[in-house]
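Database features (TrEMBL):
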DOMAIN    A:20-86  domain 'HMA'
TRANSMEM  A:104-127  transmembrane segment
TRANSMEM  A:139-157  transmembrane segment
TRANSMEM  A:177-195  transmembrane segment
TRANSMEM  A:201-219  transmembrane segment
TRANSMEM  A:357-377  transmembrane segment
TRANSMEM  A:383-416  transmembrane segment
TRANSMEM  A:684-703  transmembrane segment
TRANSMEM  A:709-728  transmembrane segment
Amino acid sequence: MNAHTRDWEAFVTQKEDGKAHMELAVDGITCAACIFEIERELLKEQGISHARVNMSSQRLSVDWDEAAYNPSRLVDLMEALGYKVYPFDPAQVKARGDRIGHELLRSLAISGFAAMNIMLLSISVWSGNSSDIDMETRAFFHWLSALIALPTVVYAGRPFYRSALKAIKTGRLNMDVPISIGVLLATGLSVVQTVQHARHAYFDSAVMLLFFLLAGRYLDHMMRRKTRSFAENIATLKAESAAKILPDGSTQEVPLSKLEAGDKVLVRAGERVSVDGVVLEGQSEIDQSLVTGETRLQPVSVGDNVFAGTLNGPGTLTLGVTASAKGTLLDEVNRLLETALEGRSSYVQIADRASQLYAPVVHLAALITFLGWVFLMGADWQYGLVIAISVLIITCPCALGLAIPVVQVVASGLFFRSRILLNAGDAVERLANVKTIVFDKTGTVTLPQATLGDAGGLSEADLALAGRLALSSRHPLSQALSKATAQTQPIGGASEVVGKGVQGQWDGEEIRLGSPSFCGIPQGAVEQRQKEQPGSSLLAFRRGADVWALLAIGQYLRQDAVETMAALRARGYNLELLSGDTAEAVGDVAAALGIERWQAAVKPQDKIAHIEHLKAQGHAVMMVGDGLNDAPALAAANVSMSPVSAVHVSQAAADAMFLGDELMPVVEALDIAGKAHRLMQENLGLSVIYNVIAVPIAVLGYVTPLVAALAMSGSSIIVVLNAVRLQFMVKQANKESV
Amino acid sequence: MEVLLYLIPAALILGGSGLIAFLWSMKNGQYDDLEGAKWRILDDGDLPDDHARTAGPDAK
């Protein structure tokens, strides 16, 4: 962080009062003391006027006087305190405040206030109607209710009217259309009845409907927001920035949004490449496993293409940033991705399917009721209209409007607890229908980073020594070793011989770490070892004359991969493995996992073709993958998941993301989704039963506001309680499986 | 029945003031960080230093 300066300009926004403002993601906030410590230390600094940690979102917001403070001190200070901070790129965090959430909460508060007060008046009228209320008092109460209800319906109903208008304009029907019609008609009818001093008014029904539905909407919104801000933090913690080389030769750390095609970027040894570009200077070896799925290191030199997401090896590279070079892998992936995403939008959510069926039926029923009363029963048209509208109110989509969203809220809470983040709200329904699961190999069923597999008989002390020596090297294999042995103290005086390894002195003996020939290991032993460990790279270690070993390092299976596959098979899913890696490597992994159908050396377009082929056979396909080469397949599959280590493009294409080093979340996601889907169907069934009972009563003209209020809140509560059952179902299942 | 003339405005004013208090607290940012708030009550940083020390459970 000290070798070059960060371009703070890009992360800082100006506030209205002239103060500079920055939002940072903070890694490592775990307890209350962290908040106080960070805030106290920052406020002690000259020039900082505001520092506040948000514990829920794990973010820090700081204001300072630009003349009096240099923000790079802030990062150093935080690092000294033991926290890693990463500034948010303002271009990527779209809106700082939560405007939609605030509007929903305000509407909810207002409709809640109105519902309670109108109910107070309504209950007096209902009890008065059955005893001795006089007409003046009733009219007075109705007028008061109207006074409260009218502004509420106008204000608190806006989210629904807006969405309904948008749907109608595009020629569709969604749940908000019948909701809006129901609320507006109920209010309109009640105003007319109030004017005419009628016995009944439906203000309470209209406002209560709004209150229930807004509560559902707000919970849904908050759950999504929590997931999204978490995902934004992860993106920022990955430090998506690049070291831009300025014309004067100095480097500056800038966010990716500030880079343009043609800029020069420096990538040091061992760093992750964050842009797509062409090598202008230097040579190195690149780990492309995130991009092509191949685990072998690829040598690159001047003129070669390098992709974002790959890991640079031992050399330093200068890259020229390319926008989207024709004919490169990235260009190909983007093109495939576009077509695949178009195909996906054809999925219609279960709630929309229900409302497309529901709205015409209900509106037709109301019309028939009106015509029936006027022409068959000979009632006057006004009386017929009142009954027809009461049909609309009682069938008002309260239960139906809540049936799906409440299940989604409960489900995404459970997903969150299982360390799964949902990108798409309707992913739950699509997950529930999956029959075939296609896995990528590298980084998905295997760990995303190389780890130490087998120490080759090296003693614990020597292994630790090798790990300490590895700290002096930038080579990916050495870095994997030092991480695996958890060493932090480098060995003094160790020097790196570029392209060969590191050497140093320990207790008067020479120690070496690097290629087998560098450490003087006989060729026969190397060949033997490579045969034993076919999927690994070998790193040699020698101490003095006698102690030596070949350490196997590679991207091994996630710890619970075998278990996960067994669990999936037990649940009856078809499993397949598709990888860009060599047939040998893929075959070994498939055998270890017990997957019979696998393909190796698959290109992105072949992955899509295979998935389309499976879909054409009538399978609902889930794709689990992380690489750039998986992105189109992720978008083409019916539903998809990515590990958190995946490249940006893949994460955006996937419906859900799972955190951590385990693969089990895939099973959990399918389990939760299956149960949630069943509850959604149950809830839809419950709302249908409710309507089957309620509609005839309304058609016959027996619906009073009291009946409407009881039926509506009763059905809503039943649907919500049924959704909450999901938590217990999942808990129960977890207990049984333990 | 005249009592209604007092009771109904009283009910509306009470409810309305609750609503206004809620809207104010929301605008004031009190719902932005629900996790942090429960920890902040434990912070003694707003007290003068010596007071904080003697008031703490591990006072010497």
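Keep in mind that glycine also has a Cβ here, set from the backbone N, Cα and C atoms.
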Review point. Counting only residues 6+ away from its ends, which parts of the chain sit with a Cβ under 8 Å from the transmembrane segment (A:201-219)?
Key: 101, 104-105, 107-108, 111-112, 114-115, 118-119, 122, 125, 142, 145-146, 148-149, 152-153, 156-157, 159-160, 179, 182-183, 186-187, 189-190, 193-194, 390, 393, 396, 398, 401-402, 405-406, 409, 705, 708-709, 712-713, 716
Exercise for review: Restricting attention to the domain 'HMA' (A:20-86), give the mean pLDDT.
Suggested key: 81
Revision key, fill the gap. Among A:104-127, A:139-157, A:684-703, A:709-728, the most Cβ pairs under 8 Å with the transmembrane segment (A:357-377) come from A:684-703
Review point. Under DSSP, the domain 'HMA' (A:20-86) has how many residues in helix, strand and coil?
Key: 24 helix, 24 strand, 19 coil
Review point. Most CB pairs under 8 Å with the transmembrane segment (A:104-127): which of A:139-157, A:177-195, A:709-728?
Key: A:139-157
Review point. Taking residues 6+ outside the transmembrane segment (A:684-703), which of them lie with a CB under 8 Å of any CB in it?
Key: 350, 354, 362, 365, 369, 372-373, 387, 390-391, 393-395, 397, 399-400, 403-404, 711, 715, 718-719, 722
